[in-house]
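Heads up: the structure comes next, in structure tokens.
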Amino acid sequence: MIGATVACPVILAPALCMVDDDPDKANLISTLVFMSGIITILQTTLGTRLPIVQGGSASYLLPSLAIMNLPQWKCPENIDGMGDEERRELWQIRMREIQGAIIFAAMFEMVFAFTGVIGYLTKFITPLTVAPAIGMIGLSFFKHVTVQIEKNPGVGFSMLGLLILFSQHLKEIKVWLPFGKRDAKGRRKKFPLFQIYPVLLALILVWGVTAILTVSDVLPKGDPARTDFKIKILHQAPWFRIPYPFQWGWPTVSIGAVIGVLCGVMTSTIESIGDYYACAIVAKTSVPPAHAINRGIFMEGLGCVLSGFWGSGNGSTSYAMNIGTIGITKVASRRVIVTAGALMIIFGMVGKVGALFVLIPDPILGGLFGYTFPLVIAVAIGTLSEVCLESSRNIFIVAFSIFAGLTVSEWAQANATAIQTGSAEMDSIFQILLSTGMFVGGITGFILDNTVPGTIRHPSGTWLNEAEVGRASRHDK
């Protein structure tokens with residue numbers, strides 16, 4: 001969760017025209033943490049009633065960045081020469097545009113859940129649509145990873161290396177903790193420390209080393225890896241600040257922005273449905289019925305509307321990584337998740353906590369992003385477990401959809417004024433959609449999967465071509 005909480009405001013801030021040491025970055029993170037706590041409690045108690053943590057999602061970042069890539073939202077060149085009030089209004093007017101888009105797009109999500117439309121749409125949305133859409137989320141952020149790491153490659157790759165070491169190579173190693181549980185013989189049980197806390201451990205180690213290098217001046221003044229590079233934000237952040245609705249002003253609404261964010265809503269919704277089933281299996285409870293799924297999606301939509309009101313700059317979705325933690329710790333209590341939500345609300349009201357996240361040096365964030373965004377791609381690959389990848393049709397659809405998502409979005413971002421339909425509103429709609437690789441990849445997979453003949457759903461749930469299904473039937477006989 002740390003990666004997503006930090007990534008959303010950090011990646012969005014430059015597009016909002018916020019300078020590196022803007023104190024409002026801390027307020028953005030605090031607002032996101034605060035709202036994550038509220039939505040987690042709502043989902044756990046009134047939504048699916050499963051122990052699922054809610055928080056910011058990269059699914060909403062891509063359309064937000066596409067919106068900010070429009071010509072009218074390009075950042076001026078003289079930001080450094082502006083006064084504090086001018087700079088504040090500069091980014092807040094952009095935030096209000098994103099807020100309005102999230103609010104209205106999330107209302108569609110609530111309507112879909114209330115009417116049961118989601119269940120109908122899933123009949124046509126297969127893994128061949130979902131995989132390219134989710135995969136493009138992770139692939140679209142590779143530039144942000146390189147931009148952060150190149151500020152100090154040594155620190156950035158050290159962070160990335162430790163994350164890989166802890167999460168992959170040392171995940172089976174368990175250690176004794178002085179406060180761990182005891183077995184029947186009274187001995188302390190070993191705890192899978194590296195498997196559960198790889199991000200936290202790597203962050204503490206690398207951040208601690210950079211602090212030592214900063215104090216000893218091994219890192220020169222002005223190096224982004226120094227821990228005092230953005231210390232101004234910590235000094236200016238208040239100890240206590242309660243986020244409130246419309247704190248950045250009244251949201252503005254444009255059709256193009258709403259349609260763009262709606263793509264993120266649909267992707268997040270489909271991903272969350274899978275998370276609900278996975279959480280139920282891990283928690284060893286009954287599979288959530290259709291009304292529970294609709295209730296959960298409705299609550300996510302409500303959470304996104306509230307996030308839009310408060311101005312977190314992001315929506316809300318379920319965290320699959322926390323579901324994995326449940327499987328490891330065997331703790332599937334809703335009380336634990338509600339307590340975690342309450343802690344997030346408290347942390348969101350402590351301004352210094354948000355500032356502490358902002359203080360994380362950019363190269364360390366680059367290493368963190370280099371670990372978390374590939375996990376999004378891994379989720380996309382995992383959705384193909386029910387697909388027959390021996391079918392040339394299926395392989396082509398997935399590969400071509402990802403290729404289209406990469407190439408079309410790159411072209412649209414590099415040619416923001418190339419689309420001229422004669423209507424400024426239509427230009428914005430096409431520009432936002434084509435700049436969002438998640439939409440291009442997903443819609444390409446959807447069209448091809450529902451038009452190219454040759455596949456049917458096997459009774460086992462696996463996608464096979466007709467010949468393979470025939471062979472399977474003969475084998476069963």
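The backbone N, Cα and C atoms fix where each Cβ goes, and this holds for glycine too.
In TrEMBL, annotation is done automatically, which means it is predicted and not curated.
Per TrEMBL, the feature transmembrane segment maps to 98-118 (among others).
For the transmembrane segment (124-142), the residues of the chain that approach it from at least six positions outside its boundaries are 11, 58-59, 61-62, 267, 270-271, 369, 373-377, 379-381, 383-384, 386-387, 394, 397-398, 401-402, 405-406, 409, 437-442, 444-446, 448-450, 463, judged by C-beta separation under 8 angstroms. As annotated by TrEMBL, transmembrane segment applies to 124-142 (among others).
Residues or ranges marked as transmembrane segment in TrEMBL: 191-213 (among others).
Through the fold, the transmembrane segment (248-267) approaches residues 57, 59-64, 66-67, 70, 92-93, 95-106, 108-109, 130, 133-134, 137, 301, 304, 308, 311, 315, 425, 428-429, 431-433, 436, 438-439, 442 of its own chain, all at least 6 residues removed from its boundaries and within a Cβ separation under 8 Å. Here TrEMBL flags 248-267 (among others) as transmembrane segment.
Annotation comment: TrEMBL describes 336-358 (among others) as transmembrane segment. Note on the transmembrane segment (336-358): residues 5-6, 10, 23, 25-41, 44-45, 51-53, 230, 233-234, 236-243 of its chain, located 6 or more positions outside it, place their CB under 8 angstroms from a CB of the stretch.
According to TrEMBL, the transmembrane segment annotation covers 364-384 (among others). With a cut-off of 8 Å between Cβ atoms, the residues of this chain six or more beyond the transmembrane segment (364-384) that come close are 2-4, 6-7, 10, 58, 127, 130-135, 137-139, 141-142, 144-151, 155-164, 167, 199, 202-203, 206-207, 210, 225, 271, 274, 320-321, 398.
For 396-416 (among others), the entry in TrEMBL reads transmembrane segment.
Same-chain residues lying 6 or more positions outside the transmembrane segment (428-448) and placing a CB less than 8 Å from one of its CB atoms are 59, 62-63, 65-67, 69-70, 124-125, 128-137, 139-140, 254-257, 259-260, 263-264, 266-267, 396-398, 400-402, 404-406, 408-409, 411-413, 416, 419, 421. Here TrEMBL flags 428-448 (among others) as transmembrane segment.
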